[in-house]
Amino acid sequence: MWHAHAGLRFGQPPWSSFEMAYLSSYKLLLLAQVPMQATMYIPTFLSFFLLSLSLCQSGSAYLVQKPGLTVPSSDAQYKEQVKTMFRDSYAVYQKYAFGHDEVAPISGGFYDPRNGWGATIVDALSTMKVMGLDDLFTEGVKFASKIDFSKSPTSNNVSVFESSIRYIGGLLSAYELSGFAYPVLVEKSKQLADKLVYAWVGNNDVPYGFVDFSTNSPQQQVTNVAEAGSLTLEWATLSKYTKDDKYRKLAEKSALRIARNSLPLPGLPAQGLDPATGNPLGAYVTWGGGTDSYLEYLIKYPRLNSSVDATFVDSWRTAVTSSINTLMKKSIPGNHAYLADFDDYRNIKHIGSHLACFHGGNWLLGGKLLNNQTIVNAALDLVDACWNTYSSTATGIGPEQFAFVSSDGSYTGGPSPSAADTAFNKAKGFYITASDYYLRPEVLESNFYAWRVTGDTKYLSRAADATKSFQMYLRDPSGGYGGFIDVNNQKAARIDDTTSFWFAEVLKYLYLTFDDPSRFSLDNYVFNTEAHPLMVSAAPNTFGTGKLLKNPVHVLDAGSKLVALPRPSQIPAALFPPSIRK
């Protein structure tokens, strides 16, 4: 029997003559007098072989976006609604928190979780340009040109990852989108990067997660692969405009070290990382927080810089192959395709998260670049499953975390379900384990990619539904927007925080879904993990070598101690020390 996650279940292309020859050999094995104990392994191996072969097909690059797309007039109205949502929520930020990182729209205060450099302003610059809000963009550039990145206005250490994706990525994207009109944005990016380089100690491949700017000393003894391996887009772009290759080299060597480490599953690294040695910590595998953007950038970075080491694309292809073979599970009921986690002890954990739901869009990008319909079909299944977490709740908004039941197990990995959870799962094909919504973009990000790749208007309808839900449940009387405590309770309270990625990502992806698809085409731009678009040239003829990588297998040693890793990217700003002023 074919496994539920085998390649043939996800639109494998017609078999080649080579595959047919393999099938003929398989028939000969069955006709020969092969011991029954041996033949029992053949279907499983054949399944893996054929899927891997289909995933390794042509490495030639192809267009990502469907040509000739137009948005129906009935849906175009939502573009203006999203722009109004941006203006309204940004006006509340201007009133109560301008110059600080985030606004508290309900109490009229502010938060500074990103060192007080004005994260919302910098994060919003590219969205302002996308929406044609030139008045706000000019004001934002004026502010950004005066930021002193040589010191932190707060006592917090500076996150290398968070500062790179928000500040460096936001500034460089704004520089490009302005038509290169403001070189000061490159200067400010360089000023920040020149402090962050202290995260690399000596000849270490991997940076520490944080830097104390007052002493230029690295901080935090453990990090994760997302923080260490998601710097390539921003730092390579900085090298391009400063003509100083040191930034690109630092970011590349960190990502390549992770890719070449021993791995728990082919292509999929352990989440934890020791910056002192570059070696993995633990053996936990996930597409969620702590690993997510490392995997995301494995395919995006070669799209930005086609001359990079083939290891990036080959690692991504290997990770996706491994994920379809091992992590992709169908829910019972509903038959929804979710990606499970894989714990330190090599057990499947039937859990998912909003953060992980970027994977559908990422697989669509890579699948189209590699002209691999198997990956594209699997990606569309993931997009649908993540959207199910939105359409199934009372508010039409998805939860932070969830669990599901699959044919290969029961509730493994999630908390024990209550009677209400069991009933919800029976009706929806998953159950909620963390009901909050923190203004996250990933589900709408993947929905945007699905629309641009397929042209199926169901994705426009989904974006319209999300827009209506946000307007109904997230809008404060002040005009600002905040998260929601319980997405399955229409009367739940809002969270008193407007994250910077609400402006950078959520509203940008919604707007672009309804915008003219010829603007900001997926064949002209690559979006960093904070949704800042960076310009790319025509795709190269080939991506990678077409081979799957075979790293040594990494398992948790018997004497190893598990380390509880802090994951700043998963901590909502509302949970930081408030520092709120009226």
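Glycine residues also receive a Cβ, built from the backbone N, Cα and C atoms like all the rest.
Each of CYS56, CYS357 is a candidate, yet TrEMBL gives the disulfide link of CYS386 to CYS357. Between the CA atoms of CYS357 (disulfide bond) and ASP292 (active site) there is a gap of 9 Å, rounded to the nearest whole number.
Sequence-distant neighbours of GLU400 (active site, proton donor) (same chain, six or more apart, CB under 8 Å from its CB) are SER353, HIS354, ALA434, SER435, ASP436, TYR437, TYR438, ARG440, listed in sequence order. Of all the recorded positions given, namely GLU162, ASP292, CYS386, those whose Cα is no farther than the 10 Å limit from the Cα of GLU442 (active site) are CYS386. The recorded positions recorded for this entry are ASP292, CYS386, THR529, and the Cα of THR529 lies nearest to that of GLU162 (active site, proton donor).
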